[in-house]
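Colleague: Dumping what TrEMBL says about this protein:
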- Gly78, Arg83, Asp100, Val101, Thr102, Leu128, Gln129, Gln144: S-adenosyl-L-methionine binding site (BINDING)
Amino acid sequence: MNDFMSCTKMEDCLIEDQTTFYSKAEHYWKEVPPTVDGMLGGYGSISSIDINGSKKFLQKFLGEGQGKTGTGCALDCGAGIGRITKRLLLPLFHTVDLVDVTQEFLDKARSYLGEEAKQVENYFCCGLQDFQPQAERYDVIWIQWVIGHLTDDHLVEFLRRCRSGLRPDGLIVVKDNVAFEGVIPDDVDSSVCRDLNLLHRLVARAGLNIICEEQQQNFPEEIYQVHTLALR
């Protein structure tokens with residue numbers, strides 16, 4: 001049995017109010033160095049395995065023709081310094097937008113992305129609980145290792161807004177840690193890890209369907225399982 005408290009929904013785990021939940025996370029990320037290792041909590045070594053798995057997953061849906069997802073514009077949510085933008089999204093899409101709550105990370109992204117930064121149209125500094133994607137702008141909205149920073153209700157509302165931000169045949173991809181059972185809070189970075197059952201319920205509440213789901217392979221055994229979900 002896990003030493004952490006496990007809950008059936010995320011709000012049960014929040015001892016403090018929502019404002020504190022969000023402000024603690026903002027403060028945590030302000031202290032994190034703007035590096036790949038910082039973005040991955042000291043697990044910078046898994047970045048290539050992660051990106052390769054994501055690319056294989058995403059390329060199944062991209063292309064031309066009926067039902068295929070276009071390659072015009074992507075949104076990187078919780079983008080940090082642009083690790084995913086640089087290695088996954090920019091090689092596949094004409095234009096990418098980044099959104100992150102930490103301005104220092106977005107400032108670093110401009111130099112980290114190098115020559116490819118010219119393909120980035122927007123750097124949005126905003127928490128996802130407050131972010132409104134432009135209607136019908138994005139072919140793919142990529143949301144990785146960030147949903148644990150949203151309350152259940154805010155996650156549902158954000159996914160609904162993302163749905164309205166999709167172009168025809170567009171795709172929302174959520175890639176994140178999943179708990180074995182219940183909801184496990186992390187007081188260090190002020191986040192939670194949800195189990196798959198809860199995540200599936202929240203996706204359904206947002207009016208989205210899961211069209212594909214896979215577990216990321218070859219990650220270290222000591223970290224949570226990571227699942228990738230394609231939604232539309």
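Think of each number as a place in line: the chain as shown, counted from 1.
Note: Cβ is positioned from N, Cα and C throughout, glycine not excepted.
TrEMBL labels come from automatic prediction, so no person has curated them.
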Colleague: Using a Cβ-Cβ cut-off under 8 angstroms and a sequence gap of six or more, which residues of the chain neighbour Gln144 (S-adenosyl-L-methionine binding site)?
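Modeller: Residues satisfying the criterion: Ser54, Cys77, Gly78, Ile84, Val173, Val174, Lys175, Asp176.
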Colleague: CB neighbours of Leu128 (S-adenosyl-L-methionine binding site) within 10 A?
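Modeller: A 10 Å sphere around the Cβ of Leu128 (S-adenosyl-L-methionine binding site) contains 24 other Cβ atoms.
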Colleague: Quick check on the binding-site residues Thr102, Gln129: which one has the highest count of other Cβ atoms within 10 Å of its Cβ?
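Modeller: When each Cβ's neighbours within 10 Å are tallied, Thr102 leads.
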Colleague: In Å, how large is the greatest distance between any two Cα atoms among Gly78, Arg83, Asp100, Val101, Thr102, Leu128, Gln129, Gln144, the listed binders of S-adenosyl-L-methionine?
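Modeller: Spelled out: the longest distance between any two Cα atoms in Gly78, Arg83, Asp100, Val101, Thr102, Leu128, Gln129, Gln144 is 22 Å.
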